[in-house]
């Protein structure tokens with residue numbers, strides 16, 4: 001949250017805003033102590049003398065949250081760290097290890113998992129450590145770097161989700177054009193562009209995030225955002241509009257068009273099946289070729305098998321597309337639900353609609369909002385495992401390879417069996433199934 005100081009008469013507002021920075025979670029006891037100390041200060045300078053506006057004494061004996069706040073927060077962030085590390089590493093290994101997983105959609109999901117992994121390995125541990133002290137003890141460089149990396153990962157996540165929606169849009173609504181544009185090579189180039197844009201778009205936080213000296217008798221540091229009132233509004237509007245509202249609006253439009261097209265295709269397929277196959281197609285085929293008309297029967301059988309195989313392939317392709325779209329829409333929904341509240345809170349605070357101070361219901365509410373934002377980084381692998389058969393099988397096989405520590409021969413055989421389990425039904429499989437139906441239904 002921004003720190004806004006205009007005169008010495010706003011010392012209480014300064015305490016409020018400093019307690020409400022990204023990592024600050026002060027209790028009522030600490031707040032009362034700070035207010036009392038500020039009231040005792042009679043030599044606060046104006047905002048033009050920026051060095052002294054933070055002068056106060058703080059009680060270092062109350063350096064961590066009360067236990068009723070510390071225990072649930074510690075459990076929440078600890079579980080987020082463990083699940084985020086395990087799940088995102090599993091996604092990265094599964095996509096990188098198995099060639100079968102090398103497709104356009106998974107390239108974007110790999111980039112998304114990398115961003116989530118960076119968030120849980122840097123920001124979550126620092127946030128967890130902040131529960132045990134109200135001062136910043138990691139230096140100016142980390143003060144800027146941690147917040148900068150947090151913004152990079154947020155921007156990268158939303159840009160990856162936007163790229164996924166555009167790729168699905170072209171693949172489903174413009175399939176002929178997508179054959180030449182939506183390729184793995186183009187996806188990799190697009191991911192590089194996404195990371196470059198994320199690094200550039202997150203630069204403003206490097207300007208506003210600072211380490212400030214606090215205290216006279218007992219000195220310490222706080223890592224806070226320090227903006228002018230106007231810049232605070234501009235920055236938070238930039239974050240919620242450019243990084244959140246506009247990408248989500250674009251994704252909503254893309255997935256709406258995708259769902260409409262998939263529904264139309266399903267309706268067309270059902271209409272064609274009803275018009276072309278008044279009876280089951282298996283009954284129109286001679287069960288076994290007779291010696292007298294062997295060549296004709298074999299030709300007719302091959303034609304029927306070809307039609308039957310195409311129908312199966314079309315149905316499987318439609319089903320796979322629907323499942324992928326459902327999974328991606330749910331991932332976007334989780335991102336909006338998890339990151340939306342804290343971003344909206346930041347905007348409302350910068351416009352003085354919500355109080356900067358963490359008091360009353362605002363304190364647990366903001367603690368929950370930040371926990372939700374970080375939890376989003378460990379939810380995506382869980383969604384992949386539940387909603388994608390390919391990811392579920394790759395997770396299972398990766399676990400087996402890691403836990404069993406198989407020999408090289410077992411690993412090779414394991415990979416071969418895994419590849420076979422994902423291949424589409426072969427022609428021999430279709431022929432056997434079709435012949436079985438012919439014999440027992442005609």
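Just so it is clear, glycine is given a Cβ too, placed from its N, Cα and C backbone atoms.
It is 368-387, from the ranges 288-307, 368-387, 388-407, that TrEMBL records as transmembrane segment.
Check TrEMBL against the ranges 39-60, 215-236, 237-258 and you find transmembrane segment recorded for 237-258. Averaged over the domain 'G-protein coupled receptors family 1 profile' (87-384), the predicted model has a pLDDT of 85.
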